[in-house]
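Look at TrEMBL and you will find 1-22 tagged as signal peptide. Look at TrEMBL and you will find Cys32-Cys47 tagged as disulfide bond. Annotation comment: TrEMBL describes 61-216 as domain 'Cupin type-1'. Summarising the annotation, TrEMBL assigns Mn(2+) binding site to His110, His112, Glu117, His164.
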Amino acid sequence: MKLLAAMILAAGLLSAVHIVHAADPDPLQDFCIADIAAGPVSNGFPCKLPALASTDDFAFSGLAEAADPSVSATNGTATLAFVRQWPALNTQGLSLIRLDINPGGVVNPHTHNLATEILYVLEGEMYTGFVTNNFGNDPTISNKLYAKVVKKGEAFIFPRGLLHFQLNKGKVLASSLNVLNSQNPGIQLMPLALFGSGIDREMLEKSFFMNATQVAALENIFQ
Ligand SMILES: *[C@@H]1O[C@H](CO)[C@@H](O)[C@H](O)[C@H]1NC(C)=O
Ligand SMILES: *[C@@H]1O[C@H](CO)[C@@H](O)[C@H](O)[C@H]1NC(C)=O
C-alpha cells in the first residue's frame, strides 16, 4: 500500500513538473515591465520599478500596419511583438507575430523551440503546415506533413518546436496574426541557420548533395 501511495505521489510530482515546463514560468507579481537595457538575466529581463509603469507600457501599436513584404528576399515579412519589442510581455508567457506575404512569397521553414503557435489569417490565404519529428515518439507519424491552405478567418496550430512554413498561393496580400505561448519564442529560419551562419562549406555540400557553386549561391542570399 505504501509503495502504491509512493508511486502515485511520484507520478503526480512528475506530471506537476511536466506542467511547469510546458510554458514560460508563472509570474510572481502582477507585472514586470522589462528593463531591456539592463540585459537578459537567466530567464527573462529584470523589472523596471513598478511605480514607473504607465498605461502606454501595456499598449503596443507595432502590428497595426502591414509591413512591406518586398523588403524581404522571399517576399514575406514577419513583424515581431516579443519581449524586446514590447517589454510588458516580460513574465507573461505570451507574444505575437504579424505575417505579411505577397502573392507567391514565403516565410522560410522555421522553428520556435520555446513556444507553441496559433496562426489566424486576417486577410488572403496561406498554404501552411508543419512536419513532425523525423524519429518521434510514435513511428506511425514520423516525418509526417500536416499542411493546407488556411483562409481569412481560419486558424492553424503549430505544435511547439516543430518545423513550419507559409506560402501565399493567393492573388492578394496575405496577412496573419500569430499568438505564441512564450515571451521569447525563439526563431530559427532554416536557410539562414544553414547557409547564413558560416558552416564549413564541405558540411553543406555533403549534407545537401550540392556542389560548391550551388552552396555559394545560397550563401550569397543568406549571409
Ligand atoms: C514580390 O512580390 C511583388 C508583388 O507581388 C512582385 O511584384 C515581386 O516581383 C516579388 N519579388 C520577388 C523577388 O519575387
Ligand atoms: C554544380 O551543379 C550544377 C547543377 O548540376 C551544374 O550546372 C554546375 O556545372 C556544377 N558546378 C560545378 C563547379 O561543378
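Quick reminder: no glycine exception, Cβ is built from N, Cα and C everywhere.
What you are looking at is a predicted structure, and each value in this text was computed from that prediction instead of being measured.
Structure coloured by features recorded in TrEMBL.
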| residue | record | DSSP (3 states) |
| --- | --- | --- |
| Cys32 | disulfide bond | coil |
| Cys47 | disulfide bond | strand |
| His110 | Mn(2+) binding site | strand |
| Glu117 | Mn(2+) binding site | strand |
| His164 | Mn(2+) binding site | strand |
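For the recorded Mn(2+) site, residues His110, His112, Glu117, His164 set the reference point as the centre of their Cβ atoms, and the other residues of that chain within 8 Å of it by Cβ are Thr111, Ala115, Phe130, Phe158, Leu162, Leu163, Leu180, Pro185, Ile187. Annotated pair His112 (Mn(2+) binding site) and Cys32 (disulfide bond), C-alpha to C-alpha distance, rounded: 23 Å. Neighbour count (other Cβ atoms within 10 Å of the Cβ, all protein chains): 23 for Glu117 (Mn(2+) binding site). Within 10 Å of the C-beta atom of His112 (Mn(2+) binding site) sit 23 other C-beta atoms, taking all shown protein chains into account. Not one of the recorded positions listed as Cys47, His110, Glu117 brings a Cβ under 6 Å of any atom of ligand 1. Across the fold, the C-alpha of Glu117 (Mn(2+) binding site) and the C-alpha of Cys47 (disulfide bond) stand 26 Å from each other.
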